[in-house]
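According to TrEMBL, the features are:
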- 141-166: transmembrane segment (TRANSMEM)
- 178-194: transmembrane segment (TRANSMEM)
- 266-284: transmembrane segment (TRANSMEM)
- 296-315: transmembrane segment (TRANSMEM)
- 358-377: transmembrane segment (TRANSMEM)
- 383-402: transmembrane segment (TRANSMEM)
- 423-440: transmembrane segment (TRANSMEM)
- 446-462: transmembrane segment (TRANSMEM)
- 482-501: transmembrane segment (TRANSMEM)
- 507-529: transmembrane segment (TRANSMEM)
Amino acid sequence: MGTKKKTRRTAGTVLGNNDAGDSISLQWLIHRGLGPAFVAVSLFGLLIRAAVSLHSYSGAGNPPKYGDFEAQRHWMEITLNLPPRDWYTNGTSNDLSYWGLDYPPLTAYQSYFHGLILRFFDPDSVALFTSRGYETYFGKLLMRWTVLGSDALLFFPAVLYFLYVYHYGCNSRSSCEVAWHMVMLLINPCLILIDHGHFQYNCISLGFTVGAVAAILSNRDLVGSSLFCLALNHKQMSAYYAPAFFGHLLGKCIRRRNPLLEISKLGLVVIGTFAIIWWPYLYSTDAIFGVGNKRQLISSFSCTFFFHEIFHLFLCQVVSRLAPFERGIYEDYVANFWCATSIIIKWKRLFMTQSLKLLSLVATVSTFLPSMIQQIRSPSGKGFIYSMLNTSLSFYLFSFQVHEKSILLPMLPASLMAREEPFLYKWLILFGLLSMFPLLHRDGLTPPYMALFALFFLLFHTNQGSKDLGLGIGHSSAAFQYSTTVALLCSFVLHFVYLTAIPPEKYPYLFEAMMMILCFIQFSLLAIYCNWRQWKLSEDLTRSWKEKKLL
């Protein structure tokens, strides 16, 4: 009895210490439970998004092509007024040189759905031809609400699902720690500035991805595979995570009783999801040789020609729009390998596009392959999220035609494990913001940028984020502290210089190049660290298995 009481008292003491260590600033948030806390954080997150949406956006008042805002509105115009077979095809009604649709079909369906809303309230905003450059106050308000609605209906529920799965059963974690993680996921300054400032719908593909991760962590692999296929079919950049999903699911399948059956089920789910989404384009072969001719070909066993025509239409009209190789290996000053090294090696001058495609493919596969292999060998929930981060960083650093906004993809898995790796998440956010600063400044978003920068620092340090600022390896050393301090000072100086100084005429993009190089160095170091951490998980699992065997 005495021993039991002592044990109970000890457990209570530990829990009390956890609670005592929590920030007082979060206690008011969770005093009624995590459910009401999620509602409160969600409302706060939506309020911040609405405040950012009051500012400018990409291409505001900048004819003739405007910017991303006009691209999204134009896709609504096209999908509403043209049949699906013409959405990706150049013609008199759809000039692909004016913001041609270059995302997979789910983006087209999303544009069609949002276009219905705009047409109901403001038909002029999506009228064919006459709505180009449409920038009335009411039209802009409707567009902003479509992004807010997408966030609230898809990304927020996916985050709630993930938090439930990720923290369920972790009795060692206090409510304040879960609430802090909730804040980090829902108030990501980079995602808010890009979707609700610059104007995009990344919340949809990232929401599907978060839901897929949560489903796989709860062993609902078929549901997770289907959700990830939806993410892929909304934005092709979701392929940054594909090696991690493939490696983790394959690693799980080969450890089950019937590996072939498990792999077959996953394959059928993937093929079925893709078939449903792409059906309108396969069905649109009627435009090539008509319904009657198509039936005649099938009835006369000319299946080879029939499927060749389907494949030709599929490849030429749609898939070719999703891979803009003609733009070159990079465009703006993005913090990846090709752009950073172009100061010394003039890639575009020395190599043809075909050679650069091969180089980027080899570099990308070579860097994500170890992470994928680790998950095939030792699949685990934590390793899966590390693998998502590692493979997305590989794509960001080495793949062909990367945009500044692509840093959002590595940020997602970093946010999912922000509890375990707070410094990693903070560092990625800080330098992700810096890498996008020139883009956001051009959009007139400097005030919300600065406000969200400060807000993130405040929220990050409200709880556990302020307790562990290290990477877990030598973070208390003087060298580590010195290097991180220098990097932060360089970041602040570059912000100040960019806003106040005029670059020399000979080097008009000098400041952007300096930001890009600094960010590239930080992202590369984080990639090395994360790969080391992922492979260390295998060593820890092997050591634990050997210890159990000896016992």
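Every residue, even glycine, has its Cβ placed from backbone N, Cα and C.
Most Cβ pairs under 8 Å with the transmembrane segment (383-402) belong to 507-529, among the candidate stretches 266-284, 423-440, 507-529. Sequence-distant residue pairs (6 or more apart) of the transmembrane segment (423-440) and the transmembrane segment (446-462) include at least 3 whose Cβ atoms are under 8 Å, placing the two stretches in contact. Within the chain, the transmembrane segment (178-194) has long-range Cβ neighbours (under 8 A, six or more residues past its boundaries) at 23, 26, 29-30, 34, 37-38, 41-42, 44-45, 48-49, 52, 156, 159, 162-163, 166-167, 200, 202-203, 206, 405, 407-408, 411, 415-416, 418-419, 425, 429, 432-433, 436, 440, 445, 448-449, 452-453, 455-456, 459-460, 462-465.
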